[in-house]
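Here's the structure we're looking at; comments come further down.
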Amino acid sequence: MGPFAREKRPPSRALGLLLVLLLSQVETVFSLNVDIGVMYAAGNKEAYGEGVRNLLRDVSESPGFPDVTFFLVELESSCTEKDALDNAAAWFKQKGICNILVVNNDRKVVSQDHSLEGEATHCYYHDLTRNNSELLTMVVQRPKLAHSLPPNSGIWVTSYPKPDDLSLMIVHTVEKYKWTSAFVLYDRFADAYRSLEKFLNWAADRDWLLRVKEIPLIGEGPDKVDKPALTTLLRQVKTSRETHVILLSNSAIINDVLDRAVYLLMVNYQYHWIITSLNAPLGDLGFDNFRDTGVRVTFFHPNTELGGNTRIFERLVLDGALSLVHSAMEATRAVDRGEMTEGEAQCRLRDYITEIEFVGYTGNVNYKNVSVSTHVRTNLVMELVENTGSDLVKVGKWSQVDGANLTSQFNSSFFTNPVLGGKRLRIISKKRDPWVRLKHHADTEGLKGVERYEGFLIDMLKVMAIRLNFTFDIDVPDNITIGSQNEADGSWDGMIGLLARREYDLALDAVATRSFRLKAVDFTEPIEMAGYYLIMKRPSRAAPGLLQFLNPFSYTVWAVMLCANLGVAILLAINNCLNPYEWGGLAKRGEVEEEEGKSLNFWNSLWTVWGAYVAAGPEFLPRSFAGRVLASLWFFVCLVAISSYTANLAAFLTKTNLDQQISSLKDLANSDYRFGALERNTIVKFLMNSTDEPYKTLGRRLKRWGGEVLLDSRDKLLKKAEDERFVFIADNENEFRVKEELCNLIVVGERFFRSPTALMFPRGSPYVTEFNRQILLFREEGFMDILRDRYLNVPGLCSTKVVAQDDGQLQIESFIGLFYLLLIGVALFLIVGLVEIFFFGVKGEKGEKDDEKQDDAPDPRLKWAINGQANAVYL
């Protein structure tokens, strides 16, 4: 037996919170060595051993934990002989180990990373505490009806919910929901199956109408469902018109049952399911496929605050280990108080098991108010969790003392659609910006399914799926087309062909509604108006204007510069009047001429400030320090502004007009540009057959040029527009590509020949009406406008690049730092000016006092003369 190895591992988030709670009351105590033996039934060590070791390791290495060293000895029993665990307990006792954790799971076990699976055999035992009055045995096992409690010797503790607890949990929950009837589906391998008999007895006492059916399984395996037989069973439930279903099963079976129920439209707002598997909401149940169907599903969850996806049995194992840890803490405090020695504490943990209480992985844990010899956890609390919209939320709790208590109401406004609710649609789409496009980080982040895509229609589909409560699978193949009809046999290819053959339920694309397409598909209400655009080569130079010389600066910059010019002039004029060291102050004291005192009045200051723009030196510069600070910073501002203006002026003066812009079909008909279109577009047929101008002229030219301008590929037409003097009459397909990618091209004019675009469904699809209703609601609520602003009414990357390249006008942002510097200069000007005024005032007051003293004192020459005269008289 060796000390527990101390390998550094970061504790989990849940364990971190547990340790905070555990260590909050710890005081400095003596060192204590605690031996812990862990007995695993066959197949349990690999599943739960790492979790126990990591927990004890993290607890021991946590700062502030009492100086307790855990020595861990693990033993796995094959369970091939009778009383195998009793013999293992006796072996631990011979080794002097009094504290034992028994992990006895007879179900399939899964390791912490959910990668290891294997069958485990239940180990039977008679009395683990036989003739071992000092033994503390923490047993974690599923209850067996045939197993009786051990006699009064030692301490025997169990923490797994008893069949009676599970029965009460279901009964109290059904009572709280006020059910009087239900269909009960069970499988004999489920934990809750052990509570079925007791539950049915209590239900009979309450006059409930329960119809009980076993879930059909294949062979003797616990998770192999006979799906055809299951479908037949669920059809019986649906035919009975019973909308309350209690599912006594484990996660693997629950998935199969709910998948079949979705197929049979039994997972919608009309149904309420209670699922008893304690593992169901912890990640084992694939609830994502039907969480937005409007169905009401109630789960039992051990602890939503501390748990991740850890299974209930593993949670109980960890709480069993934490129970021994807390008992060791209490024993350590007893040693600290002098109640026993460190050697005695090793086998005295049993005395403190009824005193501990802590928040564990399964909620509040204590073993108080129970019998002395057999401590069965009686404070089990399970949280009630329900689906609300797309989230799972806590709506109440169940406890052995208080029963079921609902703390919030189910969102009754969340109803499913009777046609689409619970359905899983097969959707085909194509990548076309801005409707459906691949996310830039889709491959690097390994995104799957619809999460790989974004766009107008993707956002609309997600909201529609939530409202109509359906789920979907989406395929976005490369090079998929809308589809065309084969004239020979009348068949369709592309997306229309897939819909016509019922391979998909919906084509997610903004397809122009055309009468010939109505032969094979149904269209929804219009999503957006499409049309044709003129695409041509982007002009590289802009037309000159009368005020071209003002273009280097924006109008905002010009306005701010003029305001700054006026503000500096006013400040200099005020400084001239108030500052005693400025020209005006000097003139008042007669130190300069009166005309010189007017050197920096308002008009002269305004002219001086203006002259700084053209580097004209003023006749009079400020005399005061404040004025010099302000003038110096202003001269610097003017230097930077004039330098920027001069550098940018040449680029604007050299811009000239390249060509007259084409903005409409009329302009195009009156120009010498060549033009063309995709040969299969409907506008080609219209122009060639039109008798009205300017369409007749355009059609005549198209006939004359023929195959030179009517091509079969949009890429060829775009290339032709980029390289030649050519205008591409393009459909809506290319508008956003030009905005985002082809920056040498530009979309000119307004959209013309508008036509609605819509989604396509197979002919006679029952889903069209529901989609139409939602599309109309989206328009009324303004959601379509939000999507339009998000994806359609955006300038695009190319527009941004053009502004940066062709428009070099300097904005106010380019000078913001310069004007901040000017404001700092104004602040310094005010501070220095106030200092000068204060200094002059102090100096002037001192000078007046000195003058008064000189006036009151007699002239020493006069005093001498008087004395001399007196003396002369006296003599």
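Any Cβ shown, glycine's included, is placed from N, Cα and C.
Summarising the annotation, TrEMBL assigns signal peptide to 1-31.
Residues or ranges marked as disulfide bond in TrEMBL: C98-C347 (among others). Summarising the environment of C347 (disulfide bond), the number of other Cβ atoms within 10 Å of its Cβ, over all protein chains shown, is 20.
Among the features that TrEMBL reports, domain 'Ionotropic glutamate receptor C-terminal' is placed at 424-794.
Residues annotated as domain 'Ionotropic glutamate receptor L-glutamate and glycine-binding' in TrEMBL: 434-501.
The annotation L-glutamate binding site is assigned in TrEMBL to R517, D731. In sequence order, G483, I496, V511, F523, M760 make up the list of same-chain residues 6 or more apart from R517 (L-glutamate binding site) whose Cβ falls under 8 Å from its Cβ.
The transmembrane segment annotation in TrEMBL covers 555-574 (among others).
The annotation transmembrane segment is assigned in TrEMBL to 633-653 (among others).
According to DSSP, I662 (site 'Crucial to convey clamshell closure to channel opening') is assigned to coil rather than to any helix or strand. For I662 (site 'Crucial to convey clamshell closure to channel opening'), the Cβ neighbour count at a 10 Å cut-off comes to 19, with all displayed protein chains included. For I662, the entry in TrEMBL reads site 'Crucial to convey clamshell closure to channel opening'.
DSSP assigns C743 (disulfide bond) to coil, not to a helix or a strand. The feature disulfide bond is assigned by TrEMBL to C743-C798 (among others).
Taken from TrEMBL, the feature transmembrane segment covers 818-840 (among others).
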Model confidence over the domain 'Ionotropic glutamate receptor L-glutamate and glycine-binding' (434-501) (mean pLDDT, whole number): 88
Candidates I662, D731, C743 (recorded positions) - the one closest to C98 (disulfide bond) by CA: C743
Of C347, D731, C743, C798, i.e. the recorded positions, those within 10 Å of I662 (site 'Crucial to convey clamshell closure to channel opening') when Cα atoms are compared: none
Of the recorded positions listed as D731, C743, C798, the one whose CA lies nearest the CA of C347 (disulfide bond): C798
For C798 (disulfide bond): DSSP state (helix, strand, coil): helix
Which of C98, C743, C798, the listed disulfide-bonded residues, has fewest other Cβ atoms within 10 Å: C743
Between D731 (L-glutamate binding site) and C798 (disulfide bond): CA-CA distance (Å): 19
List of residues, in chain order, with Cβ under 8 A from that of D731 (L-glutamate binding site) and at least 6 apart: A512, A530, G531, Y532, Y533, L678, N681, I683
